[in-house]
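J.: Annotations for this protein, taken from TrEMBL, read as follows:
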{"type": "BINDING", "residues": "A:Glu51, A:Ile335", "note": "Mg(2+) binding site"}
{"type": "BINDING", "residues": "A:Cys70, A:Cys368", "note": "Ni(2+) binding site"}
{"type": "DOMAIN", "residues": "A:124-374", "note": "domain 'NADH-quinone oxidoreductase subunit D'"}
Amino acid sequence: MDETVGPSEMIVHLGPQHPMMPGPFRLNAKLRGETVVDSEVEMGWIHKGIEKILESKTYLQGITIVDRICYLAAMTNEEAYVGSVEKLAGIEVPERAQYIRVIMEELSRLQSHLLGMGEYASFVGFVSMFMYTIRDREDVMSLIDSVTGARVTHSFLRYGGVKDDLPDGFKDDVEYVFGNLKKAIDNYEELYSTDQIYKARTKGIGVLTADVAKDLGVSGPPLRATGVAFDIRKDEPYLVYKDLDFKVCTQTDGDVYARIQVRLDEMRESMYIIEQCLDQIPSGPIFPEDTPYGKRSPVMRVPAGEVFHRVEDPRGEMGFYMVSDGSDKPYRVKIRGPVYPTLQTLPPLIKGVTVADIVAIAGSMDTCTSEVDR
Amino acid sequence: MDEIEQTEVEQNDVIDVGYTDVPGTMLTDSNAICDFIKKTKVQDVLNWGRKNSLWFMVNAMGCCGVELLATGMAHYDTDRFGIIPRNSPRHADVLIISGYVTKKYLPALKRIWDQMPAPKWVICFGDCAISGGPFYESYSTHQNVDEVFPVDVFVPGCPPRCEALIQGFVELQKKIEAKKDKGTDY
Amino acid sequence: MDANSIISSLTGKFPEDIYDADIESDIRVIAKVKPENVVEVCRYLKEDLSFGHLCCEFGADYPDRNEIEVIYVIGSYDHPVVLTMKAILPRDAPEVESVVPVYWNANWYERETYELFGVKYLNHPNLKPLVLPQEMLGEWPLRKDYEGFPNKTARNLV
């Protein structure tokens, strides 16, 4: 960004601590009157050096670290890490464990969308919506808690399986929670679609067209809101997603309203996937039989090689590039987070809008700063 | 973007602003009145008021920030204890360090702390803020936050549950009532 | 478009710049590229082979070979193949042409690789540190011989 200011121009720094920010980042916006003419994002306020730390941890210790890349999607981070090691080492996951993983990842997606949507609603001045979504999110959190024993950072996946089987009566709990949640989501949609002020603030704001979004490297709900049905679960199926029936939710407008609508639809699809899984889940072991996986403290050595494994995060495409040199620690791990390109698109997207719209656009992108900084 | 350095103004310079000639006002740079009040029953009444309205600063910095948000919202509803999330440091009494303090973020966090009006307290929420947690060996984080901020309560866990944060506030209330807190300059 | 036709098209167009091309599986292709011609190869990939989605770009340090690899992982919105392309640079003076004119989102990836590995990108629009404070520039923390890791300053280590 050019730092020189002309007549009737000023530079406003939003952040690193700002009510609009879900995590610390800084937006330097150059304003002329109330219009943004230029802007720049500064990152790195919570850069922790996870890629370096992972190089000094054994494969089993690494699972707890990757949880903390993005705290709202801990389960999909683990899936990407564990999945890439399993690809390198050639470990087959039993079918029951795969179903449990899918259930937990979709629950994770549900709670992430609920929090992201609520937070966004509070940014555009709809604070009561935040209260509603957090209320319903706590029910989902208690479901996750009952399986993994933790609310945010689970460390639940293991190489070749999962830590624990589903508890007794889990299906009944899920039915009860989802009964409430379905009504709640219909309720949110009604609230969003009938509020004239809300619609005036979001329709036609921050429009991203399909060509531009592809060019900028966006993935996840912001891309699907432009009409591109790009979903790793369909395009490059992992786990048992190819056996499950679900559709990729898309909208065509590409504005703030459409992104939220995509998230609402995705939550319904997630619930549908979990219900299917609970119906179809076979009985059996949760670790491959006659192997050391699942026993106490296996020292793993992974054959040398390189792999790129990607999964669908609540925010888009999450990938791990892993280089192994045959020892018990990874040689190099690169984390490809979904928000990294999405946050880069903020400066071109807010060019020409008014200051009040910055929060709506940034909030609808559902940025998770911790994952950008790592 | 070097404005952080500008705020590090000494407190003494701020007091001397030339109001001494305004009739009816008195300026002092000593704590004589506060020291006197401390010994009387008035301080007990003040502390009773302070401990029941601990407004905290929403400063989500890491995994613990998610639990911080959830604590202030509908389900756990800390409003009933007078613990209210505030977005501006000017409104807040409690700074919750909810994550890893990096070398880049420490000046900004200090500035937030300077902007908060006294009396004010600090809670270290989560292992990262206490000792570095899983990132203690990182090249980018600043360990030993308690050397920088006067921390009253440490809440361990990675991340701690929402109930643990409420328990941390209860401990802080007990400290304020017993006049053993270190964050406040009366 | 499948992996075989991609490899043959790529090596046919750039016989001197692309070497060690290999097919790992149906959806994974790997190749090495001469660092001088990265931008032309990327432009060809994007415009003719519909590799429009740069997944990531990063470095990897190999001190025993005295090399730094810059790795481009490029996917597509139209076909499922993901191409891993490596440019091998000397470790003492790593320099490579920036691909920002082709892939817009490479901007931050290159800034991050610059400050963590010391790879200098030529013709980059805004090459300055992204995640680290300015005074840490020059330490290249993700190189294998970095001395500030592990950091031992924490007082209450278990």
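The count begins at 1 with the first shown residue.
Cβ atoms are placed via backbone N, Cα and C, with glycine included.
TrEMBL: automatically predicted annotations, no manual curation.
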J.: Which whole-number value in Å describes the distance between the Cα atoms of A:Ile335 (Mg(2+) binding site) and A:Cys70 (Ni(2+) binding site)?
T.: 11
J.: Can you name the residues of this chain that are 6 or more positions from A:Cys368 (Ni(2+) binding site) yet have a C-beta less than 8 Å from its C-beta?
T.: A:Pro22, A:Gly23, A:Cys70, A:Tyr71, A:Leu72, A:Ala73, A:Arg315, A:Gly337, A:Val339
J.: Including all protein chains displayed, how many Cβ atoms other than that of A:Ile335 (Mg(2+) binding site) lie within 10 Å of its Cβ?
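T.: Around the Cβ of A:Ile335 (Mg(2+) binding site), 23 other Cβ atoms lie within 10 Å.
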J.: Summarise the model confidence on the domain 'NADH-quinone oxidoreductase subunit D' (A:124-374) as a single mean pLDDT, whole number.
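T.: The answer is 86, the mean pLDDT of the model over that range.
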J.: Is it possible to get the count of other C-beta atoms within 10 angstroms of the C-beta of A:Glu51 (Mg(2+) binding site)?
T.: 20
